[in-house]
Amino acid sequence: MDCAITKDVEDMLRKFDSNGDGNITFDEAVKRLKETGSKDPLRAASSMFISLDKDKDGIISIKEIHGHKADVAAKKLQKAINNICNNFLKGYDTDKDGRISWDEVCNWVNKNNPDAIAPLMIVENFFSELDKDNDRFVTKCELQEYVTKYKSLPEQ
């Protein structure tokens, strides 16, 4: 588990778990929200339980808090990957069909690296890294798989 997520979970428990049992009850949530000046503590607690009490037992457990924090982190990561891939597509996908063709990469290399000693090798390397179905097109899905695996895209 990510250290930041663990710290967030511990902070939340410390603030809301008044009896120290490692769980947050609805009453504990309402009490804490009142103490912090919430305008509508019942509504805020209800919202909190809708989001966090996955098994609907009326108690938010440390496991549920960890799961929620991990879900939020995963969504942020997926959004970042999506943004990286969209920006990468913008740089190469000149015909705006949502994929990068062999010709688009050749044109990009010739335009942006005119002194390249082996431009065809650059294009071949690009496609060998990204084009998993060998159709001479790189799709957003292929970009996302690559970024998810390697945390970046190849540089040209």
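Even glycines carry a Cβ here, placed using N, Cα and C.
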Swiss-Prot Ca(2+) 4 site partner of Asp131, Asp133, Asp135, selected from Glu124, Glu142: Glu142
For the domain 'EF-hand 3' (80-115), residues assigned helix / strand / coil by DSSP: 24 helix, 3 strand, 9 coil
Candidate binding-site residues Asp21, Glu28, Asp55, Asp133, pick with smallest Cα gap to Asp93 (Ca(2+) 3 binding site): Asp133
Rounded Cα separation (Å) that holds between Asn23 (Ca(2+) 1 binding site) and Glu64 (Ca(2+) 2 binding site): 10
Stretch-averaged pLDDT - the domain 'EF-hand 2' (40-75): 89
Other CB atoms, at most 10 A from the CB of Asp95 (Ca(2+) 3 binding site): 10
